[in-house]
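According to Swiss-Prot, the feature domain 'Protein kinase' maps to 11-347. Annotation source Swiss-Prot lists ATP binding site at 17, 18, 19, 20, 21, 22, 23, 24, 25, 40. Per Swiss-Prot, the feature active site, proton acceptor maps to 136; the stated evidence is sequence analysis. According to Swiss-Prot, the feature region 'Disordered' maps to 485-616. Look at Swiss-Prot and you will find 496-511 tagged as compositional bias 'Polar residues'. The annotation phosphoserine is assigned in Swiss-Prot to 511.
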């Protein structure tokens, strides 16, 4: 067992958690405290020296943050010797990608997605206060702290790609954001700001629900094509201003066309670049609204007599999709900010409370909401309060005092659920097409194992009238996308340079949108009331770049395109005085009508008829 030491402490290296191109992450024992830590180890050379200096600068900027309240990883110390650099962080359990992999990439319930989203938004809000862009938000960089003791409590990690707005030119990263989570302004070469992280978080939310990346592009053309096919083309003025528009779009040959631009066809792209576009999506959505129809999301709306619990869960999912739509806009100026997202009804549970407060689903969601914000040794500190000023988490406590808590706690709905081991998706809904990826990201097979996802729903509707006969929905079953073995995501052949740093919008500490007075009449009007966010994160990055933060990964994502840092200008763009309109994708068509079923009289109908005939 190797040993290394700083000026003040000594560390025993227990095991190597992961290795990367430029270093490794090891699990170590800190002798002074007896705690296990994560040690990020990089070789001592000129290139890595610049990387370390950038990360240390950001960690220094965040030294005043409380890592627990800000949901960022706790940094302990840095030291070096003649051969290596060492950064010591707290040891966390696993990242969201590893968690998904353990559970066969089964869809995560909306209430758990809210718990994760809330914490990441708090982190982004605090980073914005410090004028920091994370620039590499993805499942691998969101870590579960301790899933047994604190379910779905997370922290943001890996600040190797992060940058301070005013000093972003000194960041030596060869790319901005991992491709699957890359914002349109980065893809198109438009001015960008901290809202690139909001786009990434929206993609992560969709992926947690789908069990598969929303836009898993093999290259930037595929990435833009996927977004266009789901959300429609960007507005013409966006493409007029975009430096890289000609890479993906061409002028419309029809002068009378509504949009003077059109997306290049796959054949055009192949002829120009000799690179064949690939289809790697599992769910080919024609609008973001269709997200709620995947993985049984619309079951409650199609039941003859929907259960209250099913209705509550479906309403929650619908609210989540509305937030995702606000996060995934072509135009960054139309995109919701972290502080406004914290007040969105999905995150604050405002709509759920108003319409479904008496359901077990609401109580369970409330409990998860409260626990995610609770810091050990401190009372829970709510981010969002009810309209009357009462913190939402107290609603559950008041009900427990009134005797309702005992009923809720004894209910099977309050048992901590594990994600099912198999995905279940409903086919032939609207225009949604389910398709096995022609080129698997992780490998994928079909099985005959039936998902147990609907077990809680079936239990909830026990005793209610169900149709006696009728066709069942056509189901598509997907097993682990690892195909029973851990297969690495292989990077595509041939990367192209991609310089994006010249697009930066230099921001002040507070955006103009946050200076408006809060009238409190709606969640959007109070968007400047951001929640506290906090410090950075550590150890983890897949094969997307030189930093080795995500080394615990067995499966790696493809390498995004690189850019030449020397091409970055030294001058900064002034804040633009133009305002662009957002683009909303086409809305999904209504669900096809179900076939009518012969139903018996509802419960209680016989006694009612007897009552009527008895009076006549």
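Cβ coordinates are placed from backbone N, Cα and C, and glycine is handled just like the others.
Residue 19 (ATP binding site) sits 19 Å from residue 136 (active site, proton acceptor), taking the C-alpha atoms as the reference points. If you measure from the Cα atom of residue 17 (ATP binding site) to that of the residue listed as 'active site, proton acceptor', you get 21 Å. The Cβ of residue 23 (ATP binding site) has 24 neighbouring Cβ atoms from other residues within 10 Å, across all protein chains displayed. DSSP assigns residue 17 (ATP binding site) to a strand in the three-state reduction.
Of the recorded residues, residue 25 (ATP binding site) and residue 136 (active site, proton acceptor) place their C-alpha atoms 18 Å from one another. Secondary structure at residue 136 (active site, proton acceptor), as computed by DSSP, is coil.
Mean pLDDT, taken over the domain 'Protein kinase' (11-347), works out to 91 on the 0 to 100 scale. Taking all protein chains in view, 19 other C-beta atoms sit within 10 angstroms of the C-beta of residue 17 (ATP binding site). Note on the binding-site residues 19, 25: the fewest other CB atoms within 10 A surround the CB of 19. Each residue contributes its Cα atom, and for residue 23 (ATP binding site) and the residue listed as 'active site, proton acceptor' these two points are 19 Å apart.
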